[in-house]
Amino acid sequence: MVSTDLPPLIELRGIRKRYGGGDKPEVEVLHGIDLDIRAGEFIAIVGSSGSGKSTLMHLLGCLDRPSSGSYRFAGEDVSTFGSDELAWLRRKAFGFVFQGYHLIPTESARENVEIPAIYAGLPPGERMQRAADLLGRLGLSDKLNNRPNQLSGGQQQRVSIARALMNGGHIILADEPTGALDSRSGAEVMELLRELAGAGHTVILITHDRDVAAQAQRVVEIRDGRIVADSVTDRQPSEQPLLHHAGLSSLEMTQAHEDTGTPFWQGLHETIRAAWRVMWIHRVRTSLTLLGIVIGVASVIVMLAIGEGTKQRVIDQMGSMGTTIMYMSSDVPSTGGPVGVITEEDLDEVARLPEISRVMPVIGDPILVRHQNVDKQIYVFSSPYIMPMVHHWRVAQGRFFTETEDRELAPVVVLGHKIYRSFFPHLSNPVGQYLLIGTSPFEVIGVMAERGAESGSQNYDDMVFIPYRAGRARVYQAQEQPDYIVMEAASMDQVQEAEEAIRALLLERHGREDFRIGNAAARLKTQLETRDTMTRMLGLVAAVSLLVGGIGVMNVMLMTVRERTREIGIRMATGAREYDILSQFLIEAMLVTITGGTVGVILGLTVGALLVFWEVPVVFSFGVMIGAFACAVITGLIFGYMPARTAARLDPVVALSSE
């Protein structure tokens with residue numbers, strides 16, 4: 001028997017527990033309970049259904065708080081403890097054995113037993129060995145990796161007892177431990193509890209069965225929320241050596257106020273493992289949740305890559321045309337009057353300006369071009385011999401026409417790359433062939449290198465190029481006025497000065513501004529601003545899809561919290577702090593988004609590679625990929641916080657009683 005001279009380990013004075021209040025009727029289920037329990041006692045609290053025994057057990061195990069009264073544990077007033085201090089007490093002092101076993105269905109027997117040690121910060125190797133040893137002593141050495149649904153009721157209750165002993169189990173709280181078992185399994189469980197009492201554990205047995213209660217050393221009867229009897233039996237605890245070395249250690253209550261729990265990094269691996277297992281078990285739902293994040297991340301990457309690729313193509317095209325290029329054409333004066341006329345004399349004067357290096361008049365129009373039985377409407381570009389130099393464009397085959405050929409109206413033509421492929425698909429070198437342009441035959445003397453379209457203009461590869469004077473005389477019916485003039489500034493720094501000098505010169509010669517001047521740099525700026533706007537719009541659409549994915553994560557996590565409410569209660573009963581539950585569900589949400597973000601990046605790169613294959617301009621940015629991935633993770637953090645916070649704030653008693 002336990003000496004009554006010892007100070008009580010647990011001391012209850014005037015404990016009352018009320019439920020309801022506010023707009024609901026208040027109900028008191030415990031009415032001034034006074035109870036002392038000493039270390040090493042094997043005590044049974046017996047009562048019928050509704051007597052208040054389960055409520056008393058919840059208060060004893062620090063799963064709930066009394067409405068009034070005093071609860072002292074090892075001399076400390078528990079009513080002053082915060083939630084983390086109560087979690088420490090459950091983790092270090094108590095071990096729970098429930099009627100419904102309360103094992104986490106996704107974990108193996110050993111993993112269920114390890115749970116209290118995870119929150120106690122025990123190293124993985126030591127934790128696994130201790131769990132295996134406890135299960136071995138309880139006759140379950142061959143069931144370490146079995147899930148709860150692969151165990152009998154008696155075996156599940158043994159796992160529950162092993163879990164209660166994992167952190168030492170100074171006090172074993174057994175709530176109807178034989179209620180769901182057959183008589184044989186029930187007898188085995190009671191024998192184990194007697195052995196625990198004999199090994200020095202304090203065992204508190206909650207039961208409605210007086211025969212079961214009679215196996216304890218002390219029986220306390222509770223009825224209608226009051227203790228009506230407290231008697232001592234003649235039963236002695238079992239002296240079997242099975243659990244003599246269960247790992248009891250002294251409790252230092254001062255640690256309750258100092259212990260900060262398991263460091264985040266130490267339990268991270270276990271949390272990720274558990275989260276990954278839950279994701280795998282619910283893989284269809286997880287996949288559908290991931291889909292929103294995957295599409296969002298991939299959309300951001302692909303859309304911004306297309307925007308950047310298009311922007312880069314504009315820069316390359318405009319750059320290849322020359323950022324020192326300016327364009328001039330006739331215009332209607334702002335004051336009214338006829339369209340201005342730019343003469344050759346005007347061009348000669350412009351060419352003499354020191355800020356100008358080249359002047360190139362251009363006439364161009366779609367003309368019917370024929371070769372044998374193939375004819376096409378093609379843009380015929382008529383310009384002086386300096387065109388390749390002005391536009392920084394090389395000849396791929398043959399040559400470009402010369403100044404002499406231009407001056408002598410030579411009927412020669414240079415083909416754009418696509419025109420060459422269109423008219424001569426099977427000919428490796430078309431030089432020497434003839435095309436009929438309008439009604440005039442022209443000899444092919446060269447093919448330009450592939451170039452593409454200048455943004456906002458016709459594709460240069462779809463053109464043919466003829467001398468300026470030959471074009472005026474042979475194709476454009478002696479047209480005197482050029483359609484527009486291309487001018488090249490002496491340097492990029494002089495573009496603005498050159499434009500002002502041309503404007504001043506022509507104003508002096510014409511007396512009015514009947515012309516229009518633009519430069520490639522201004523066009524480039526306009527084009528880039530347009531592309532940037534489009535890119536921002538594309539990015540916004542992609543960001544919205546990522547936001548929708550985040551909302552999907554939140555919905556699924558809220559559903560997960562509801563489905564796993566009992567698991568949350570089990571973890572709290574085994575010593576998890578609010579922070580532990582919060583971090584667990586936050587990590588689960590982030591793991592979903594990290595996985596989705598990773599798959600999204602891979603999908604985005606894959607789609608981008610296909611777009612490149614289809615010749616769509618795409619430029620991937622490592623920064624965009626990192627940003628999209630980071631946004632996915634932050635989305636998981638933000639949208640996972642509310643479900644995680646909901647889980648962390650659950651009442652342990654309510655959580656344990658959920659179905």
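In case you wondered, yes, glycine gets a Cβ from its N, Cα and C as well.
Here is what Swiss-Prot records for this protein:
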BINDING   GLY47, SER48, SER49, GLY50, SER51, GLY52, LYS53, SER54  ATP binding site
DOMAIN    10-249  domain 'ABC transporter'
TRANSMEM  287-307  transmembrane segment
TRANSMEM  538-558  transmembrane segment
TRANSMEM  594-614  transmembrane segment
TRANSMEM  619-639  transmembrane segment
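Annotation: stretch 287-307 has the most Cβ pairs under 8 Å to the transmembrane segment (538-558), among 287-307, 594-614, 619-639. Residue with the densest Cβ environment among the binding-site residues SER48, SER49, SER54: SER54, by other Cβ atoms within 10 Å. Counting only same-chain residues 6+ beyond the ends of the transmembrane segment (287-307), those with a CB under 8 A from a CB of the stretch are 531-532, 534-535, 538-539, 541-543, 545-553, 556, 592-593, 595-597, 599-601, 603-605, 607-608, 611, 616-621, 624-625, 627-629, 631-632, 635-636. Just so you know, the Cβ of GLY50 (ATP binding site) picks up 12 other Cβ atoms within 10 Å once every protein chain is counted. If one looks beyond the transmembrane segment (594-614) by at least 6 residues along the same chain, the residues whose Cβ comes under 8 Å of a Cβ in the stretch are 279, 289-302, 305-306, 549, 620, 625, 628-629, 632-633, 636. Around the Cβ of SER51 (ATP binding site), the number of neighbouring Cβ atoms within 10 Å comes to 21.
For the transmembrane segment (619-639), the list of distant contacts is 293, 296-297, 300-301, 304-305, 308-309, 311-312, 543, 546-547, 549-551, 553-554, 557, 586, 589-594, 596-598, 600-601, 604-605, 608: same-chain residues at least six beyond its ends, Cβ to Cβ under 8 Å.
Each residue in HIS208, ILE222, ARG223 lies on the same chain as GLY47, SER48, SER49, GLY50, SER51, GLY52, LYS53, SER54 and has a C-beta within 8 Å of the C-beta centroid of that ATP site, without being one of the site residues. Counting only same-chain residues six or more apart in sequence, the Cβ atoms lying under 8 angstroms from the Cβ of LYS53 (ATP binding site) belong to ILE45, VAL46, GLY47, ILE206, HIS208, ILE222.
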